[in-house]
Amino acid sequence: MKLNKTNTINAIFYFFIALGVVAVMVAISNRWFIYNINVTHSLNGLVYVIHKGEPVKKGNYVGFSWRGDQFYKPGSIFVKIVTGVPGDEVRLKGREVYVNGTKIGIAKEKSERGIPLEPIKATTLKEGEYFVSTPSKDGYDSRYARVGLIKQNEILGKAYEIF
């Protein structure tokens, strides 16, 4: 098929119109949504969208702002699964962590980099506290004292796996 100059100009014009529409849609949606890429293997998904301010409950994905430590900088956005809510009991048997009697996982003694890790202490979650976890044995989550319980004011919103 032979393209003439008019068809080429029209194609370029419509491409930039479409690109502009997408850019405007993303800019507008940033008021209500945060897009997050999972850079670890802690969850199955690669891309998550966080609906800002949407309440979370047990079993939901949650996006929250990380307070920072030697592994991740402050303000990093984490996505985990809510596995404990206010009133739930966190208990330990050795380094095995349980929420309301359900085994969440084992708190490893050392990180993949060889840094010692302390497990969370047994507790009952208070109002505004959440236990978050991942199915991965290597997940960095509430099983560890450094992560601990996530506070309501750290939660950005409910997260949804895109792919």
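Using the three backbone atoms N, Cα and C, a Cβ is placed for every residue, glycine included.
Taken from TrEMBL, the feature transmembrane segment applies to 12-34.
Mean pLDDT, taken over the domain 'Peptidase S26' (12-160), works out to 92 on the 0 to 100 scale. According to TrEMBL, the feature domain 'Peptidase S26' maps to 12-160.
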Q. Which residue counts does DSSP yield for the domain 'Peptidase S26' (12-160) in the helix, strand and coil classes, in that order?
A. 21 helix, 57 strand, 71 coil
